[in-house]
Amino acid sequence: MRPNSQGLKHKSSHDTEREFGGTLGAICIPVFLPLTVLFLISVSRCPEASVLKWPPSLPSTDHLWDPLALMVLLGWISLHALLYLTPVGKVSEGLVLRDGTRLKYPINGFHGLCISGVLLLLLVGLGAPLGYLFELLVPLAVCAIAVSFLFSVYLYIRSFCAPSDALALGGNTGNPLYDFFIGRELNPRIGNFDLKYFCELRPGLIGWVVINLGMLMKEVELRGSPSLAMILVNCFQLLYVADALWNEEAVLTTMDIVHDGFGFMLVFGDLAWVPFTYSLQAAFLVVHPQALTFLGAAAIIALNGLETIATATGKRLLVSGWWGLVRHPNYLGDLLMALAWSLPCGFSHLLPYFYVIYFTILLIHREDRDERQCRAKYGLAWDTYCRRVPYRIFPYIY
């Protein structure tokens, strides 16, 4: 579990340790990650699909913009904003804030997924060319990147109107570049509409599933039917998204919601990075079909099924079951699942395994952040736990 930040509440925000490389990271990441998204999409469409080719494959300028892409993106975000405001599902309270209050959050993301699914089925039934999303991927990504920058500027400017106790401890350093990147305001809201919570699991995460479906429909257009590999990728990732939204309430205790401010890091991750890099396997399979035997598919399904590790909230440190083997077994399960998503793409290209490589780096970094937060929160109890459970993610390795 990601811990809350109550153990840091007396620490001055200007003295907080800077993460992600500090100012240098705050300059480089907003430049190179958007370029990485465009690069990966372009490579997935090339016959050789080589991430090591030099000069790299980048889209031509006339393929970067399509007004339809902007209309689709803004329409999609607007649809989910409307679904967010729909009075269905329960309302839950978040953790206690520094001022002693609790914010309320609508738990209706799964309803949004279901309604989106019904609307998509209607569109497909009416003959809408959902496979055209394959042609729109690059301009859609460009629009998502542009919206991420503009939205982040808005969030940074409005944060100066927020009271000091509404700012994130790590995002109020006084360095404009770093604060813009990491996020100054912890829970920016327009009325009762929580902007960070909305972006966390709604337009980008569900958009990822829609892009996958578009890739499947493109494969149907090209080959008459979807491949077994494409079906597996779509089903695995739909199951992951559905599970996240079914358990939406759990996000209220994560580091993203409890600790991190809402700045470019999370905005870009939610709206651009997740939908356009997590869907790489499906996009790859459109151009690079893979023959998958039923025995191979069964083995991959079994591997994906290993990710059944439950998490627990509360203040006790678990030392039994998986938590007695490694300190972050949920991360180990995530990595096994990520591997299962890539295996249907075969072994002839590195690109489909980008997600596994990236996710390994991300989780090791996140685990390091978790360790520091837990040590601050639990003190000596955490040190005792670490001695009892020495391995962090990989048993007997790390």
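Along the chain as shown, the residues are counted starting at 1.
Each Cβ is built from the backbone N, Cα and C atoms, and glycine gets one as well.
Lifted from TrEMBL, the feature list:
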- 20-44: transmembrane segment (TRANSMEM)
- 64-86: transmembrane segment (TRANSMEM)
- 107-130: transmembrane segment (TRANSMEM)
- 136-157: transmembrane segment (TRANSMEM)
- 225-242: transmembrane segment (TRANSMEM)
- 262-287: transmembrane segment (TRANSMEM)
- 294-318: transmembrane segment (TRANSMEM)
- 338-364: transmembrane segment (TRANSMEM)
### Message
Six or more residues beyond either end and a Cβ under 8 Å away: which residues meet both conditions relative to the transmembrane segment (136-157)?
### Response
30, 34, 37-38, 41-42, 59, 63-66, 68-70, 72-74, 77, 176, 179-180, 183-185, 188, 195, 211, 262-264, 267-268, 271-272, 275-276, 283
### Query
In the same chain, which residue numbers or ranges, 6 or more beyond the ends of the transmembrane segment (262-287), come under 8 angstroms Cβ to Cβ?
20, 29-30, 33-34, 36-37, 40-41, 44-47, 49, 134, 137, 140-141, 144-145, 147-149, 151-152, 155-156, 168, 171, 179-188, 195-196, 199-200, 203-205, 207-208, 211-212, 215-216, 218-219, 222, 227, 229-230, 233-234, 237, 256, 341-342, 344-345, 349, 351-352, 354-355, 358
### Message
Pairs of Cβ atoms less than 8 Å apart decide it: which stretch in 20-44, 107-130, 225-242 has the most with the transmembrane segment (64-86)?
### Response
107-130
#### Entry: Maximum Cβ pairs under 8 Å to the transmembrane segment (20-44) - stretch from the list 107-130, 225-242, 338-364
338-364
### Query
Where else in the chain does the transmembrane segment (107-130) make close Cβ contacts, counting only residues six or more beyond its ends and a cut-off under 8 Å?
79-80, 83-84, 86, 88-92, 201-202, 206, 209-210, 213-214, 217, 241-242, 245-246, 248-249
### Message
Please report, as numbers and ranges, the same-chain residues at least 6 past the borders of the transmembrane segment (338-364) whose CB is under 8 Å from any CB of it.
### Response
40, 43-44, 49-52, 228-230, 232-233, 236-237, 277-278, 280-281, 284-285, 288, 290, 292, 297, 300-301, 303-304, 307, 328, 331, 393, 398
